[in-house]
Amino acid sequence: MHTGGETSACKPSSVRLAPSFSFHAAGLQMAGQMSHSHQQYSDRRQQNLNDQQASALPYNDQIQQPLPNQRRMPQTFRDPATAPLRKLSVDLIKTYKHINEVYYAKKKRRHQQGQGDDSSHKKERKVYNDGYDDDNYDYIVKNGEKWMDRYEIDSLIGKGSFGQVVKAYDRAEQEWVAIKIIKNKKAFLNQAQIEVRLLELMNKHDTEMKYYIVHLKRHFMFRNHLCLVFEMLSYNLYDLLRNTNFRGVSLNLTRKFAQQMCTALLFLATPELSIIHCDLKPENILLCNPKRSAIKIVDFGSSCQLGQRIYQYIQSRFYRSPEVLLGMPYDLAIDMWSLGCILVEMHTGEPLFSGANEVDQMSKIVEVLGIPPAHILDQAPKARKFFEKMPEGTWNLKKTKDGKKEYKPPGTRKLHNLLGVETGGPGGRRGGESGHTVADYLKFKDLILRMLDYDAKTRIQPYYALQHSFFKKTADEGTNTSNSVSTSPAMEQSQSSGTTSSTSSSSGGSSGTSNSGRARSDPTHQHRHSGGHFTAAVQAMDCETHSPQVRQQFPPGWTVPEAPTQVTIETHPVQETTFHVPSSQQNVPHHHGNGSHHHHHHHHHHHGQHVLSNRTRTRIYNSPSTSSSTQDSMDVGHSHHSMTSLSSSTTSSSTSSSSTGNQGNQAYQNRPVAANTLDFGQNGTMDVNLTAFSNPRQETGITGHPDYQYSANTGPGHYVTEGHLTMRQGMDREDSPMTGVCVQQSPVASS
């Protein structure tokens, strides 16, 4: 026992000497040890006596008396099948099945309870807005419901953060409409009221609905929801891409979309409007009719006017401009950036910059375009979110934290290769196709790069974009012919001797289901010009557009005078286009130079007149160019001619410049895109000769924009264009750029 005491003394723990007997010896004196030893001896003796008594009992009674060790053992054992170890190993699958059964049984029970009238949860949802709304502030749409004894609700066709869009039939106007139902919440109502104000402002300046902006018919309050009634439109461009299995549409069709979009942006840039859309993307560009290429821009819910910017976080990420990513002030140029991204996506089928977040987005932009200029990053509040400044003053892209994503070196993912300029288009899929030559792709690439300029101040503006050679038919190349469209506000002049001017234009841009307010071609309409009639025979179409009546956005550096000189150019049988040319800017610097004259003899002329192609002189583009316009059909597998011969002649008034004694003449021909259609079958082609005359020795440069110079003549004069559209069939037919695309009649919300 003494030994045990020593062991206990040097080991601060309890030593178990018998079942249920232990003592702690730390700090005990010898007397204490002896006392404990005596107690231990007494307990053992008592235990031995108990054992002897138990052994004297009969055998059966001994079994009923458990031994001391048996007292701690369980009297009954669980079923081995229910043991946790077995359930989590051998019977693991059974365990999971049981869990699922219990879970789904509870879920089903809750669902059944929810169906009952006594469900407090259901009662809570039903009380929103007297039972008309759900708990998300959205109106509960009921198919077949009739509103205000006028609108019959057909179905829900769209949903977003703003609310919902339903297809409805307007009994009063006997037409289908799309009704945008705003959430019953103050913040959404306030934003929607801004949208209504902007839409009404645009409608006021676009009474004939020819600028590719969705038409707001009316708005009203219904059961505490603001409702916006729009014309019914068709697919959006994302749906169109999906129908191509994301392989993209032809370059010809991309051109038609591009020209309409540039015209729409030119309209939004009108000084009285100055509207920034702030959310341009394929989903917000809708076809008017599933069989035509006319489009309209929708969803102005995020829009604002210049000077009234209220949001910093705008634009969908894939189409977000660098200035927005960098937290810099923005203007109308952000929409041009978005358009550049959209056009590439429409042709390649894939987003150009598909960032998963803002850092990834900027990194993908840098892959293609390189590091933004230092003067931009030096002023950008959020520059250090994406870049780091080197001691020498240059900027480099920050390394990603995770290190998992690897990007190509800045500027090495060339747009040239993405478009397949020299390799037959994206993925080589356009090799050998008409209208997809290297020259066509080079023009497209150049336009895109101008749209994707890092510097918003030098990014191409709609006015100049519409004059880009991508939209012009060339005489010496077989490009942009049968399906191309050139209705830009071109200022084109070439040598000849004539005194009259005319411009040819097709129509397009209306809803396929609504013809309200449309001015149609009048073949006998008399214009107030000295040159005769503008005659045209145009087949009736589901979707029309007209040449715009533009309050022209002036080139950079121009100011609007109090009494501008008017230059009137008649561009359509039923309307005229007036541009205001500031008198203070009419005397612009002249650049003298000689250029080669390209003569293009067309096969069809009125009265045997010889027509020369016009010569456009720019710093970048000096190829002869003419304009063509088409009005095709998307009828699959059929040839459909929608226009017959069209000839015209108009006269433009001349403007004179007196500050230096020289007299100048400039014609601003603004002829936005025709209602060119998605070519789903073989179509007849149409040729247009556009000729304008000027002094070959004097050219006028427009101040404020270094990239373009345009011709102007000295001395009073007139401009002439003689257009003749001929329908050619047989060998000249071109395969449809969208052959094989399935078109389904499933209208998309117009906003």
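Backbone N, Cα and C atoms are what each Cβ position is placed from, and that goes for glycine too.
Since the structure is predicted, the reported quantities are computational estimates derived from the model, not experimental observations.
Per Swiss-Prot, the features are as follows:
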REGION    59-81  region 'Disordered'
COMPBIAS  59-68  compositional bias 'Polar residues'
REGION    104-129  region 'Disordered'
MOTIF     109-126  motif 'Bipartite nuclear localization signal'
ACT_SITE  Asp279  active site, proton acceptor
REGION    477-532  region 'Disordered'
COMPBIAS  477-493  compositional bias 'Polar residues'
COMPBIAS  494-517  compositional bias 'Low complexity'
REGION    580-667  region 'Disordered'
REGION    585-613  region 'Histidine-rich domain (HRD)'
COMPBIAS  611-622  compositional bias 'Polar residues'
COMPBIAS  623-633  compositional bias 'Low complexity'
COMPBIAS  642-660  compositional bias 'Low complexity'
REGION    730-751  region 'Disordered'
COMPBIAS  742-751  compositional bias 'Polar residues'
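Within the same chain, residues at least six positions away from Asp279 (active site, proton acceptor) with a Cβ under 8 Å of its Cβ are Asp299, Gly301, Ser302, Ser303, Ile314, Gln315, Ser316. For the motif 'Bipartite nuclear localization signal' (109-126), the model gives a mean pLDDT of 60. In the three-state DSSP scheme, the residue listed as 'active site, proton acceptor' is classed as coil.
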